[in-house]
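> Heads up, here are the entries from Swiss-Prot:
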type     : residues                                                     : note
ACT_SITE : CYS330                                                       : active site, cysteine persulfide intermediate
BINDING  : ALA75, THR76, ASN155, GLN183, SER203, SER204, HIS205, THR243 : pyridoxal 5'-phosphate binding site
BINDING  : CYS330                                                       : [2Fe-2S] cluster binding site
MOD_RES  : LYS206                                                       : N6-(pyridoxal phosphate)lysine
Amino acid sequence: MKLPIYLDYAATTPMDERVVQKMMQYMTKDGIFGNPASRSHKFGWEAEEAVDIARNHIADLIGADSREIVFTSGATESDNLAIKGAAHFYQTKGKHIITLKTEHKAVLDTCRQLEREGFEVTYLEPESDGLLDLTKLVEAIRPDTILISIMHVNNEIGVVQDIKAIGEICRARKIIFHVDATQSVGKLAVNVQELKVDLMSFSSHKLYGPKGIGGLYVCRKPRIRIEAIIHGGGHERGMRSGTLPVHQIVGMGEAYRIAKEEMATEMPRLKALRDRLYHGFQAIEEVYVNGSMEEGKRVDTNLNMSFNFVEGESLMMALRDIAVSSGSACTSASLEPSYVLRAIGRNDELAHSSIRFSLGRWATEEEIDYTIELVKKSILKLRELSPLWEMFKEGIDLSKIEWNHH
């Protein structure tokens, strides 16, 4: 077993060797390097064909028509394009948007920007298990609601929202429904027809493909219109201008093809490893799982635990042989407690002591067992240094202690 161990697959994944091999054929003068928009010669035609094949692989994985796939630079851009694009196009119908407090920052910050432009946004509270209560969603809908944006799988706590039911609610009321599916594509069966989704964002680097490329599904029936946010050349049916990066698109297509083929065998293996990790941690006192652990309500690759009476940052230092994260990679640089955990009602102490373990293609049983032992050992050591742990063990109710500020 090689150290350090990588258990941060929800932040990014290494590229699959098969993806790299495929991409190498689309870069040099001996390969297919043409611009797919060059319609007058073979170099362009070959590049365009490669893009079409990749587009088909991506559409196949999510049950879409290949004409409904728009390439972007990644899921953050896809979220921006979907939310701003739909809000701007349909603003004459209304200016009210509904989302969830635990969404990715790419959704929340985009909504904040729209608020500055005069849109109104309702940020719904999730339940304590991280899931959205659909009656609260229905109650929040107004006559001027034009867009609802709810993620499929949460990037921090891995809970799976009932996208199908939300899709039905939106269709019945003719409200546009956007889903950030960055953490679910390739891990859960996703079919945009069944889920009644209008716009869906997804990424490549969370699925063993290259960074810097992603996609947005834009429904054709019923036809959804969005206003472009990048102009110049009218690529991607006018929705996203810019020369298509063929090698990245081919890499993403190959990654999605592999995912479709191997998902059925890969996910049960990863679920078994995740459950092994979870049961290994059960032996530790005062540990709490964040988000629902109910069957079907959590993605099989995610485990987010809070270890009470231990500071998350010091635990991360003790676990430097294991790549894990506190919060999401996009926000873990700030020492603020995770806004996702605060939204599900965790106090500051538990939010600060949370660690996200996310598993993927190359995680092994040996690595999981090593992780369990190292976490146990580190927690015992850190708690020995904690006066709060000592007081807790003596039966003192810490919530009743009055602290003096110097």
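Glycine residues also receive a Cβ, built from the backbone N, Cα and C atoms like all the rest.
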> Need the DSSP three-state call for SER204 (pyridoxal 5'-phosphate binding site) to compare against my parser.
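DSSP call for SER204 (pyridoxal 5'-phosphate binding site): coil, neither helix nor strand.
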> Rounded to a whole number, what is the top Cα to Cα distance in Å among the residues the record ties to pyridoxal 5'-phosphate, namely ALA75, THR76, ASN155, GLN183, SER203, SER204, HIS205, THR243?
30
> Fewest other CB within 10 angstroms, which one of the recorded positions HIS205, LYS206?
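Minimum Cβ neighbour count within 10 Å, taken over the recorded positions HIS205, LYS206, occurs at HIS205.
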> Let me check the 10 A CB neighbour count of GLN183 (pyridoxal 5'-phosphate binding site). How many other CB atoms are there?
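Looking across every protein chain shown, the total is 28.
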> Measuring Cα to Cα, how far is THR243 (pyridoxal 5'-phosphate binding site) from the residue listed as 'N6-(pyridoxal phosphate)lysine' in Å?
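A Cα-Cα distance of 23 Å.
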> Would you identify which of the binding-site residues THR76, ASN155, THR243 has the most other C-beta atoms lying within 10 angstroms of its C-beta?
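When each Cβ's neighbours within 10 Å are tallied, ASN155 leads.
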> Among all the protein chains here, how many other CB atoms are within 10 A of the CB of SER203 (pyridoxal 5'-phosphate binding site)?
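There are 28 such Cβ atoms around SER203 (pyridoxal 5'-phosphate binding site).
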> Sort ASN155 (pyridoxal 5'-phosphate binding site) into helix, strand or coil using the DSSP assignment.
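Coil, per DSSP.
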> Determine the Cβ neighbour count for ALA75 (pyridoxal 5'-phosphate binding site): the number of other Cβ atoms within 10 Å of its Cβ.
27
> Are there any residues in the same chain, six or more apart in sequence, whose C-beta is under 8 angstroms from the C-beta of SER204 (pyridoxal 5'-phosphate binding site), and if so which?
GLY74, PRO210, LYS211, GLY212, ILE213, GLY214, GLY215, GLN248, GLY251, MET252, ALA255
> Using DSSP reduced to three states, classify ALA75 (pyridoxal 5'-phosphate binding site) as helix, strand or coil.
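Helix, per DSSP.
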